[in-house]
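Enquirer: Before I ask anything, let me first share the structure, which is written out below as structure tokens.
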Amino acid sequence: MTDSNEDQRILTVLSWNVNGFNRKRSEVLHHLSLLKADVVFLQETHVGPDSIYSTGSIKIQDLECDYMAAFTVFKGSSRGVAVLFKKNLGCGGFNVNCDEKGRFMIILCQIWGHDFVFINMYNSNDEKIKLKDFTQISTHIPHSAYLVVGGDFNTVMDADFDKTSNLRNRSHTKSFDALRWFLENFSLLDVWRCLYPEVKSFTYFDRKGQSRLDYFFLQSHNLTSVTACNIHKRPMYSDKEEYVSDHAPLSIQIQTNGPKWQFDSCLLEDKACMDHLSSIIKNISQINTKRNEYMWPGVKVRLVCEAIAHPKPSRRSDTIELPQKMDQGGRPDSESSIEVLH
């Protein structure tokens, strides 16, 4: 969602495993529009080859709802990723690369004068991505660029906190070890967990339980650019009581321009706001976490996000009521008062 203020632009990036795009295309695009996503990472698009696009190629398509999309072409029944861009973003300098097996896409581009590197991943269970192969691109990423990595990684970050099932999965352990190496090598942080270290919430749902398998990762120096990170409710079909996908959409908002938000001192007098922020700090301080080095930087960003979202007190008027009595010097009489209404 672009901010109306040209000096303070906010980019909304969303990730969603849709478990097949073409057969539910209108529903997916409808919900993307409702969620006001500017850039979208889709996984399990299931786009196969045709008379024009061969396996391993990139399919560029003009979609309704004002999106342009780049799809990987693999099979019509499995894998596949896509990255969608709102046409009004004015993107430039596109450089698109993908995995021939439909598991990831890397896009370098410029948005609003800033360099972005978008990496959309679907780390399929049947053939995992070799994350160590990504080391070669690290030297091509400018420090000033926003590196946004997201997608369905098919593993949990914390076996005790990110799933409801007590069953241990060895493949998840191996996947996490590879993912941890990747995150450390690129100085990437799990944005949602940094902001919500005390919250249990999930992105994947099946009969065995629920898990958090979908993530957005940002480099540590860009964490303060985040103004929101949300796991959304799973959308349902408009004409039947059934979920569009077994995954929930995940989104982040990144502020790219303008001065960073500063705490409004008026909120100190808002008891409801102060109680809410104090409760967050108290709850977080009581948890046992393995991520202590990133906990408080993330919490500071969380408090900013909560303060921004907090309802502002209603303002009765912006007028000034002048005093009824004035002394000879034009100053208010000592018995009069000036009531400034905010």
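Any Cβ shown, glycine's included, is placed from N, Cα and C.
TrEMBL does not curate its annotations; it predicts them automatically.
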Enquirer: Which of Asn17, Asn120, Asn185, Asn283 does TrEMBL put in the same Mg(2+) site as Glu44, Asp152, Asn154, Asp246, His247?
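Expert: TrEMBL lists Glu44, Asp152, Asn154, Asp246, His247 binding Mg(2+), and from Asn17, Asn120, Asn185, Asn283 it also lists Asn17.
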Enquirer: Between Asn154 (Mg(2+) binding site) and His247 (active site, proton acceptor), how many Å separate their Cα atoms?
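Expert: About 11 Å separate the Cα atoms of these two residues.
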Enquirer: Any same-chain residues 6+ apart from Asp152 (Mg(2+) binding site) with CB under 8 Å of its CB? Would you list them in sequence order, or say none?
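Expert: Result: Ser15, Asn17, Gln43, Glu44, Met121, Tyr122, Asn123, Tyr204, Leu213, Asp214, His247.
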Enquirer: Could you say which of the binding-site residues Glu44, Asp246 has its Cβ with the most other Cβ atoms inside 10 Å?
Expert: Glu44
Enquirer: According to DSSP, which of helix, strand or coil covers His247 (active site, proton acceptor)?
Expert: strand
